[in-house]
Amino acid sequence: MNSLVLIAVGLLGILSGWFFYSRFIAARIYQLDAQFRTPAHEFRDGVDFVPTNRYVLWGHHFTSVAGAAPIVGPAIAVIWGWGPAFLWVVLGTIFFAGVHDMGALWASVRNRGQSIGGLSEKLLGSRARWMFMLIMFLVLLMVNAAFATVITNLLIQFPTAVIPVWGAIVVAIGIGQLLYRAQVGLLWPTIIGVGLLYGLILLGNAVPVALPAEIFGLSDRVVWVLLLFLYAGIASTLPVWMLLQPRDYINGIQLFVALGIIYAAALLSAPTVVVPFINDQVPAGTPPIAPLLFVTIACGAISGFHGLVSSGTSSKQLDRETDARLVGYGGAVGEGMLALAAIVCATAGFATLADWQAVYTNFGAGSVGAFVTGGANIVSQGLGIPAGLAATILTVTAALFAGTTMDTGVRLQRYVIQETGAITGIAALKNGTLATLLAIGFCLAIAFGAASDGTGGMVIWPLFGTSNQLLASLTLLMVTVILARLGRPVVFTLVPLVLVLTMAIYALLLQIGTFLGDQNWTLAIMALFILGAAIMVGISAVTALRQTGFSLLAHRHPAE
Amino acid sequence: MSWRAITEGLAEYYRAPYRQAMAREARDRDDLFRLLVLSEALGIPNPAAPYTLELMPLVWDDFHDWHRRMGMPHSPLDHIRCC
């Protein structure tokens, strides 16, 4: 089948969701009101609460939620054929992710801009708050470990990306210095920065860099993983203006450029999808499609992490409540389009089915590597860029995103540890350096606990999916409870909640069985923790629903 | 769309995600500065008080927000009656 059909049907579906379904949900279910005084105005302080241009906010929301995950998940999940991944991404974006993300924004905006964590305490009690923090910590832990593996694999598989990936840090620091010290406008630093990044890509393409197979008795994989965590630790403790801010900015611009390149190339070359709709010859050891499909593709279909971003920062900057449709649902649409591009690259970027099968030799073997290889072929055919150079461009895009997510993830983990220290009164945990070391120590324990070469991240990827989907279920549960208390229809959040929660718990049970069978105690204990947290939250939810007297929606509209 | 609009849009896109972290840092520094300036008035001996006295008018504008942020619902100083 021609990939143009895939793109046309997928985009038509996602955009129909945006034009029709999101309008219905916004107007009838959440009843977004342009006259409602949002927290950004009510508590405007120039620090946390600042009304922001909705297009700028959408850009940030989209780039914050779209790390490397919407590429990794779909690129792995096409092992079951293009059909299941395609359907879950398109339908998941329309009926699950958009409703979830917009709902998290709405619930937060109507509750003084509180985060989902704060709301969970208010709605479900302090025990749920602790469970929520635990799941959040584990999700961040797994994201960091997984993305260290993703970047390591990319740097080894595509040595041409080593110079631009590490050189991007220097470019970002230069932009930060230019803007902070010289106070110049952003236009020229942006043009020069992006130009330098692409210059580094050309340089890297000409000068591939590969580490020796062994350094001081450590394999190259181990060295890359250690270097990446060393970088993440330093980056997360530096002042944000110095590295993180300009790096995120350049990455955001780079994402839009890369998305444009992939879609333009696919439209011009119209490659054929070589993978069958359903792949009935999956490699031995591939887990069952149900429930693993629903946890393998988390970001790109529905993701609990989006609720954290929606209620953590976006809700405090929403200028008008009606902007929640563009920011929340629109952010999910952007991510769905990225996931769709990943599916096209991983299924139509190969010349024959045999070529594809040579890459997808086991579950998890495809991943970002398949996206880069396939995507490079499409970009090469469509835009005439040499395949090697196209591969370097896509590798840099994916690696930069994974890198940004890693250093932000370590920083967030540090905050969680420091917050735990503040709550429990353990002064040592409030120390920034110790909290960072602890965060990195946990990440390394997972990376090396699940695989001896430090690439345990991919082993625990489905576990990330389950915890992430449990987080999404939690958010949907809270939105559903609020809707129920307002006497509004709950079916639009309840159906996604039931499906996502069922699949997440089912997958978790299967994983616990596998980990126990493999005697992998680290992961088994982690999975049991997550299951325990899910059960506790469920009990809290039932208790909360049976009680009354919650002071929710204190800022409800007078008409309600 | 003018160049100026593009530059302003880019600037907001650049600032927005880290605006909170930067503003918190600036606020913490301002709070420390305010504490130093008002230390004598608050009963904390300060050898630089004769010099910081001249700076007091500079901190009055945000004084109300400051004492509320410090957990004091009303002004702790007799000579500044902001609420």
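Here the Cβ of each residue, glycine as well, is placed from N, Cα and C on the backbone.
Summarising the annotation, TrEMBL assigns domain 'CstA N-terminal' to A:2-347 (among others).
Tertiary proximity for the transmembrane segment (A:6-26) is limited to same-chain residues at least six positions away from its ends with a CB under 8 Å from its CB atoms, namely 32, 82, 86, 89-91, 93-95, 98-99, 102, 263, 266-267, 273, 322, 324-325, 329-330, 333, 336-337, 340, 343-344, 347-348, 492. The transmembrane segment annotation in TrEMBL covers A:6-26 (among others).
Residues or ranges marked as transmembrane segment in TrEMBL: A:62-80 (among others).
Under the heading transmembrane segment, TrEMBL lists A:86-109 (among others). Long-range contacts of the transmembrane segment (A:86-109) within the same chain: residues 6, 9-10, 13-14, 16-18, 21-22, 25-26, 30, 32, 36, 38-39, 65, 74, 77, 115-116, 119, 293-294, 297, 300-303, 306-307, 310-311, 314-315, 318, 321, 324-325, 327-329, 331-333, 335-336, 339-340, 343, 472, 475-476, 478-479, 482, 492-493, 495-496, 499-500, each at least 6 residues beyond the stretch ends and with a Cβ under 8 Å from a Cβ of the stretch.
Below 8 angstroms of C-beta separation, residues 67-69, 72, 116-117, 120-121, 161-162, 165, 221, 224-225, 228-229, 232, 304-305, 308, 367-369, 372, 395, 398-399, 402-403, 405-406, 409-410, 412-413, 416, 419-420, 442-443, 446-447, 450, 454-458, 460-461, 463-464, 467-468, 470-471, 474, 526, 529-530, 533, 536-537, 540 of the same chain, each at least six residues beyond the ends of the transmembrane segment (A:130-155), sit close to that stretch. TrEMBL lists A:130-155 (among others) with the feature transmembrane segment.
Taken from TrEMBL, the feature transmembrane segment applies to A:161-180 (among others).
According to TrEMBL, the transmembrane segment annotation covers A:187-211 (among others).
The transmembrane segment annotation in TrEMBL covers A:256-278 (among others). For the transmembrane segment (A:256-278), same-chain residues at least 6 beyond its ends with a Cβ under 8 Å from one of its own Cβ atoms are 1-4, 6-7, 78, 80-84, 194, 337-338, 341, 344-345, 347-353, 355-356, 375, 377-383, 393-394, 397.
According to TrEMBL, the feature transmembrane segment maps to A:290-309 (among others). Long-range Cβ contacts of the transmembrane segment (A:290-309) within its own chain (Cβ-Cβ under 8 Å, at least 6 residues beyond either end) map to 61, 64-67, 69-70, 73-74, 76-77, 80, 84-85, 88-89, 92-93, 96-97, 100-101, 104, 115-116, 135-136, 139, 143, 331-332, 335-336, 338-339, 342, 461-462, 464-475, 496, 499-500, 502-504, 506-507, 510.
The domain 'CstA N-terminal' annotation in TrEMBL covers A:365-507 (among others).
When Cβ-Cβ distances below 8 Å are used as the criterion, the transmembrane segment (A:383-404) is approached by residues 66-68, 71, 147, 150-151, 154-155, 158, 160-161, 164-165, 168, 197, 201-202, 204-205, 228, 231-232, 244, 247-248, 250-251, 254-255, 258, 261-262, 264-265, 268, 345, 368, 371-373, 375-377 of the same chain, each at least six residues removed from its ends. The transmembrane segment feature in TrEMBL is assigned to A:383-404 (among others).
Annotation source TrEMBL lists transmembrane segment at A:434-452 (among others).
TrEMBL lists A:458-483 (among others) with the feature transmembrane segment. Non-local neighbours of the transmembrane segment (A:458-483) in the same chain are 29, 72-73, 76, 100, 103-104, 106-107, 110, 116, 119-120, 123-124, 132, 135-136, 138-139, 142-143, 145-146, 149-150, 153, 287, 292, 294-299, 302-308, 311, 364, 367, 446, 450-451, 489-490, 493-494, 496-497, 500-501, 503-505, 507-508, 511, 523, 526-527, 530, 533-534, 537, 541, 544-545, 552-553; each lies 6+ residues outside the stretch with a CB under 8 Å from one of its CB atoms.
Residues or ranges marked as transmembrane segment by TrEMBL: A:521-545 (among others).
Each residue in the domain 'CstA N-terminal' (A:2-347) has a pLDDT score, and their mean in this model is 90.
Outside the transmembrane segment (A:521-545) by six or more residues, the chain places 120, 123-125, 127-128, 131-132, 134-135, 138, 445-446, 449-450, 459-460, 463, 466-467, 470, 473-474, 477, 481, 484, 504-505, 508-509, 511-512, 515 with a CB less than 8 A from a CB of the stretch. Secondary structure of the domain 'CstA N-terminal' (A:365-507) per DSSP (helix as H, G, I; strand as E, B; remaining residues coil): 121 helix, 0 strand, 22 coil.
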